[in-house]
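Sequence annotations record features per position, and here TrEMBL assigns active site, nucleophile to 324. According to TrEMBL, the feature Zn(2+) binding site maps to 119, 229, 552. TrEMBL lists 27-581 with the feature domain 'Neutral/alkaline non-lysosomal ceramidase N-terminal'. Taken from TrEMBL, the feature domain 'Neutral/alkaline non-lysosomal ceramidase C-terminal' covers 583-756. Taken from TrEMBL, the feature signal peptide applies to 1-25.
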């Protein structure tokens with residue numbers, strides 16, 4: 001019998017795997033990608049739960065990336081979507097599936113679609129349906145939600161339309177410098193015998209799938225799974241960003257495009273003559289002023305034509321629970337000394353303990369470095385991948401009430417899970433993003449003030465208090481239902497799928513050792529129950545944050561210390577045991593080829609009762625005599641008269657709120673280069689070197705004795721090493737809408753020219 005490799009992708013409670021039965025090792029494979037960048041102003045970001053962290057521009061755009069694997073056009077298939085988002089959303093999944101059903105009938109359903117988030121903490125929030133996750137975003141944000149749902153659907157449509165015969169290869173290896181355990185004291189609570197089996201206190205494994213066109217033999221994509229938090233950017237960041245995983249994807253796709261394209265030489269006709277001639281030419285090119293344009297004009301200025309892209313590279317999240325990208329460690333910001341080991345605080349103050357990335361104090365640089373490390377490892381795995389996946393596509397799915405699962409432990413003792421609840425260690429936050437003052441990780445006591453406030457919201461029941469111990473209940477989210485549920489209802493979803501690679505998906509955020517236990521349990525069950533289809537080469541991957549979100553899972557032992565992750569393990573101390581028990585059932589049914597007869601209760605669709613407290617833009621205008629797109633502050637040229645590598649060219653434009661139109665698959669910012677008397681786009685707001693920032697300020701008119709709010713966009717271009725010498729300018733695109741007008745109007749404007757030498 002041929003040896004096969006199993007990969008288990010996962011989310012919410014999703015399991016995917018493959019068994020060795022395909023014909024000639026070839027599947028139908030399709031890949032897609034679509035812009036899912038949400039509102040770039042005034043919307044709270046999802047991740048840190050910080051009221052002050054609202055969007056104010058774009059670092060680089062967010063995307064939904066999809067791959068589909070099918071046995072045949074009429075045979076079983078599975079879909080995996082990777083989002084540049086904090087996590088997937090139960091409501092997003094529900095609505096995506098509804099739209100897919102209206103287009104494709106029953107081809108795509110909850111049975112075979114997995115939607116996973118990268119866990120970036122720099123994307124717009126307001127797209128989850130439970131109160132706990134929408135408080136800081138002032139409730140539901142329809143624009144955030146629609147951007148994500150539309151992008152997922154259209155990326156799946158692209159992948160579906162691109163289905164063609166092809167092969168899949170798997171490779172794996174360790175990446176040891178892109179993550180650090182942010183709760184090392186909790187890890188030490190696990191048994192020494194178990195810890196001694198591993199070289200590190202985090203999971204360093206990266207697993208990569210390589211997709212090859214069966215007709216041409218050309219590479220068309222890669223999806224990899226590796227555990228590190230999307231928190232290279234801090235809670236002070238206001239720019240939309242895919243963080244380190246989104247950066248890795250951008251680097252990978254650009255690397256492939258560069259290395260697969262026909263080499264060409266750029267002709268720079270504007271460099272003839274002396275440097276003074278070049279400066280004279282530049283000085284004559286003044287700002288254009290604001291000019292009208294169409295709603296799709298900015299799409300023509302995109303440097304990356306995604307509709308023409310021949311490669312999709314995704315960096316998916318895995319068991320990320322206790323893994324931080326801030327690999328230098330956590331230090332006190334007042335003294336510079338390491339934080340307290342057990343509580344990650346400084347003098348008892350959680351606010352002073354902050355993790356440092358490899359580019360500290362420049363968090364943009366840290367994002368780039370951690371992204372590059374994942375990218376470089378993926379390239380190594382991609383170029384050396386030799387093991388081909390072969391197997392039947394299969395999957396299993398069930399919904400489970402996770403608030404009262406009875407679990408039989410190894411000593412035959414029967415325990416059970418609890419209604420969802422958060423402890424005081426949750427409020428303390430982490431070294432990636434400190435929480436509320438007055439809390440520390442490891443707290444099991446609540447001071448009288450917070451206890452009274454808790455009881456105003458909901459005093460936990462005696463059952464809940466006893467069930468969650470040693471966690472003290474700070475927020476009894478599982479027993480709070482006004483104005484609608486605060487946490488995922490008791491119908492967690494479990495899925496399993498099969499594709500010559502066991503792909504296990506869990507919606508929670510697993511700890512390192514927690515995931516190791518779960519993977520081993522699933523693999524052991526597959527091997528034991530599979531009648532030879534599975535063996536020691538079976539490989540299990542956890543793809544966390546899929547299809548829904550219900551926070552963390554720690555081991556029973558780590559739960560005892562009640563650091564942030566344990567305090568955020570919603571269903572009590574036996575949560576992990578319950579997951580292992582239920583996944584073993586799914587793995588056994590898959591290995592034996594048996595169907596799941598009881599699917600469980602479906603999750604609720606709460607869209608119709610969502611509260612949305614964030615006001616829409618109400619129409620704005622520039623100051624009198626000014627047009628949108630006009631320059632507010634032109635380029636400040638260095639004393640040398642020219643910019644060099646590493647300098648920043650900055651221009652500010654009068655600009656309307658970017659929430660009027662997201663310019664999907666377009667751009668708010670462009671760097672243009674003068675070539676053959678024409679301005680051609682060189683960089684856009686998808687590039688690491690170009691920053692689009694937007695803000696509004698109140699300006700008082702003394703003559704009219706009133707106050708007006710005006711918006712402006714600042715474009716900052718950090719001249720990269722690869723920039724060619726020549727003449728450049730910055731261009732801004734935007735949209736506005738008068739209060740009484742039925743549709744938007746669009747505008748653009750460009751700065752004066754400047755030189756790069």
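Backbone N, Cα and C define each Cβ position, glycine as well.
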(request) State the Cα to Cα distance, in Å, between the residue listed as 'active site, nucleophile' and residue 229 (Zn(2+) binding site), rounded to an integer. (result) 5
(request) Across all the protein chains here, work out how many other Cβ atoms are within 10 Å of the Cβ of the residue listed as 'active site, nucleophile'. (result) 24
(message) On average, what pLDDT score does this prediction assign to the domain 'Neutral/alkaline non-lysosomal ceramidase N-terminal' (27-581)?
(response) 91
(message) Neighbour count, 10 Å Cβ-Cβ cut-off, for residue 552 (Zn(2+) binding site): what number do you get?
(response) 24
